[in-house]
Amino acid sequence: MDTMGRHVISELWGCDTNKLNNMEFIEQVFVNAALRAGAEVREVAFHKFAPQGVSGVVIISESHLTIHSFPEHGYASIDVYTCGPVIDPNVAAEFIARELNATTSEVLELPRGMGPVKPEKRLSHSAVK
């Protein structure tokens, strides 16, 4: 069965703390990562937190790239999700890891839209009151 998309989740450790706290740098890296992967950038939104950290999203025609950075830990959580068979999300994720000088990169790729989740893998959450 064909997928509706590929979702790369990347845990980046040992990143350059100054880069992780530089919103303009991260924004440019993410736009460049999308373009290198062959994606079409639609919108860009990033936010710098006080005293540190950056979160942001690059919306692409094919889906999105996101980051949440934790400079105090040298850590960044990134997602690259692409719809369709043309764009390889790993190209963007690897570029981001290199630009942030990550010493460790743990990557998980999930095919999306493959049908119902198997019961043993489904998580149930009750409503919070």
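The backbone N, Cα and C atoms fix where each Cβ goes, glycine too.
Per Swiss-Prot, the features are as follows:
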type	residues	note
ACT_SITE	Ser63	active site, schiff-base intermediate with substrate
MOD_RES	Ser63	pyruvic acid (Ser)
ACT_SITE	His68	active site, proton acceptor
ACT_SITE	Cys83	active site, proton donor
Neighbour tally for Cys83 (active site, proton donor), based on other Cβ positions within 10 Å of its Cβ: 18
Active-site residues: Ser63, His68 - member with fewest neighbouring CB atoms within 10 Å: His68
Whole-number Å value for how far the residue listed as 'active site, proton donor' lies from the residue listed as 'active site, proton acceptor' (Cα to Cα): 22
Cα separation, the residue listed as 'active site, schiff-base intermediate with substrate' to Cys83 (active site, proton donor) (Å, whole number): 6
